[in-house]
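Asker: There's a structure below that I have some questions on.
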Amino acid sequence: MKTLVIHTLCLCFLSPVISNLLQFESMIWRYTGRESIAYYVGYGCWCGPGGSGRPRDETDWCCQQHDCCYGLLERIECHPKREPYSFKIEGKDNITCKGETPCQKLICGCDRKATLCFENAYSTYKMKHRFIINALCAGPTPKCGA
């Protein structure tokens, strides 16, 4: 219960900033059955805030590509971490993105691609890659689209 109260308080203060991130979390949960915070925040060198170095595995590559996708949208003045969208899940591999604006549909598309990537990469997920400190992420940072 204490955790629920803390999460609720955090969401109240951060909701304008992370409204889309909550939808991304919902998409991951509804599609994969895994909680994004427990499985993906702080995973590898790219999952969660920031990102640098060479991704550790397929799951980390999913996060790196998601960061790239959001970066492209920011360059065309979309707000991928704030702009809400809607989506529908019908069966396996069928996440339909909806939105009132082109940006909303594109943001949902980034999240959809990452969610499908997480599901496809799950067999390579390694507990040892959780909670890696970004300062320890070595190697060249891959360019987007690489």
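Glycine is no exception: its Cβ is also placed from the backbone N, Cα and C atoms.
When I checked TrEMBL for this same protein, it listed these features:
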SIGNAL    1-19  signal peptide
DOMAIN    20-138  domain 'Phospholipase A2-like central'
DISULFID  C45-C137  disulfide bond
DISULFID  C47-C63  disulfide bond
BINDING   G48, G50, D67  Ca(2+) binding site
DISULFID  C62-C117  disulfide bond
ACT_SITE  H66  active site
DISULFID  C68-C144  disulfide bond
DISULFID  C69-C110  disulfide bond
DISULFID  C78-C103  disulfide bond
DISULFID  C97-C108  disulfide bond
ACT_SITE  D111  active site
Asker: For G48 (Ca(2+) binding site), which residues in the same chain are close in space, meaning a Cβ under 8 Å from its Cβ, but six or more apart along the sequence?
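Answerer: Once residues fewer than 6 apart are set aside, G48 (Ca(2+) binding site) is near Y40, V41, G42, C63.
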Asker: Cβ distance under 8 Å to C45 (disulfide bond), same chain, sequence separation 6 or more: which residues?
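Answerer: C45 (disulfide bond) has long-range Cβ partners G51, S52, G53, R54, P55, R56, D60, Q64, I132, N134, C137.
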Asker: So among the disulfide-bonded residues C63, C117, C144, who's got the most Cβ atoms within 10 Å?
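Answerer: Counting Cβ neighbours within 10 Å, the top one is C63.
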Asker: Can you tell me which of the disulfide-bonded residues C62, C68, C69, C117 is spatially closest to C103 (disulfide bond)? Compare CA atoms only.
Answerer: C69
Asker: Using a 10 Å radius around each Cβ and counting other Cβ atoms from all shown chains, which of the disulfide-bonded residues C47, C69, C103 yields the largest count?
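Answerer: The largest 10 Å Cβ neighbour count belongs to C47.
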Asker: Which number gives the other C-beta atoms within 10 angstroms of the C-beta of D67 (Ca(2+) binding site), all protein chains shown included?
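Answerer: For D67 (Ca(2+) binding site), the count of other Cβ atoms within 10 Å is 18.
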